[in-house]
Amino acid sequence: MDEFKVTPWDVEGLVDYNKLIEEFGTSPLTDELLEKTAQLTKSELPLYFRRRFFFSHRDYDKVLQDYESGKGFFLYTGRGPSGPMHIGHIIPFFATKWLQEKFKVNLYIQITDDEKFLFKDKLTFEDTRYWAYQNILDIIAVGFDPDRTFIFQDSEFTQIYEMAIPIAKKINFSMARAVFGFTEQSKIGMIFYPAIQAAPTFFEKKRCLIPAAIDQDPYWRLQRDFAESLGYYKTAALHSKFVPGLMGLEGKMSASKPETAVYLTDDPEEAGKKIWKYTLTGGQPTLKEQREKGGNPEKCVVFKWLEIFFEEDDKKLMERYHACKAGELTCGECKRYLIKKVQEFLIDHQKKRKEAEKQVEKFKYTGELAREQWERSIPEPLKG
Ligand code: TRP
């Protein structure tokens with residue numbers, strides 16, 4: 001009954017994630033795969049996996065097999081720099097960091113200043129380059145391994161174009177239109193762009209694993225159509241759900257509605273006020289009713305945020321759930337708890353972000369070194 005929509009540009013309505021698995025033709029992330037992940041990494045799973053924020057995949061089973069057999073794999077993810085990053089943008093990067101740390105693999109991070117310039121009428125190239133730098137600081141602040149992490153910005157790492165050419169020859173307009181809904185009015189740069197986003201899946205001659213929100217899956221579906229014909233692996237993917245904005249569980253946190261998002265650069269004080277003022281809870285209209293009937297954590301953004309990211313402790317989360325249902329908690333109490341958690345996170349993140357200013361060069365995949373690395377990693381079919 002609930003209508004919802006998920007495309008790389010738009011997420012609307014209350015998303016039914018099981019339906020999405022069917023619609024997109026992906027596979028559910030099973031207990032078995034998660035147990036195998038824990039076993040291979042000899043680690044406890046972080047909450048993003050335990051609580052199924054990552055809920056779907058393509059070929060993740062094969063990635064684990066490749067790891068087990070010693071073939072290895074590599075990670076790829078990205079960010080479209082259209083503005084400041086918020087909490088919803090950064091959570092998949094934390095999950096990616098965990099995977100890199102545990103599997104000790106290379107990670108490539110694509111910053112698509114070209115994409116955002118081409119797709120967003122209002123943004124100039126100067127704007128998207130500015131946001132690229134700002135976003136890179138937030139990404140570095142997550143704490144990736146500098147020896148295994150390569151961040152590149154499309155407009156600087158122009159070698160990406162060479163790798164996109166053979167890909168662009170594999171995709172005809174009607175395929176791209178079917179997947180992305182292009183029209184007669186679409187700019188030709190937009191139509192070429194999917195080749196640029198697919199290129200990093202070929203950076204190493206190993207299976208590529210992409211942890212990202214499920215709205216990016218159309219790109220991977222397309223890549224999987226032609227990858228083998230170019231002598232590569234079909235890319236694997238781990239799909240996350242969306243983080244809701246403060247004002248409701250529908251859609252996703254949106255940069256275009258600043259009062260519904262908490263930005264990584266928000267002043268912690270201000271962020272606290274925003275959460276206090278705007279967050280939708282599952283509470284009853286009066287305290288009396290709240291005490292009698294209990295609240296509704298399923299419909300509460302505060303609870304969602306705790307579940308997705310801000311409450312590490314499973315036991316505490318469950319206690320809060322039951323206490324809310326039993327009418328023992330007020331929404332004010334929960335909001336104050338979340339605010340404290342968010343503020344602690346922001347203070348820590350902003351400190352690391354400041355330190356990241358000195359680390360940018362270390363992480364950048366560009367210039368001579370990039371060229372060398374790239375040539376070494378060009379798989380045979382592309383060399384000739
Ligand atoms: N298209 C993505 C965005 O709009 C950016 C991106 C490029 C990306 N490559 C990626 C995201 C790989 C996830 C994984 O944000």
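Start at 1 and count along the chain as shown; that gives each residue its number.
A Cβ is built for glycine as well, from the same backbone N, Cα and C atoms used for every other residue.
What TrEMBL records for this protein:
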| type | residues | note |
| --- | --- | --- |
| MOTIF | 81-89 | motif ''HIGH' region' |
| MOTIF | 252-256 | motif ''KMSKS' region' |
| COILED | 339-366 | coiled coil |
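Non-local neighbours of the motif ''HIGH' region' (81-89) in the same chain are 111-113, 116, 120, 123, 128-129, 131-132, 134-135, 138-139, 242-245, 252-253, 255, 261-265, 305, 309, 342; each lies 6+ residues outside the stretch with a CB under 8 Å from one of its CB atoms. Taking DSSP states H, G and I as helix and E and B as strand, the motif ''KMSKS' region' (252-256) has 0 helix, 0 strand, 5 coil. For the motif ''HIGH' region' (81-89), residue counts in helix, strand and coil come to 3 helix, 1 strand, 5 coil, using DSSP.
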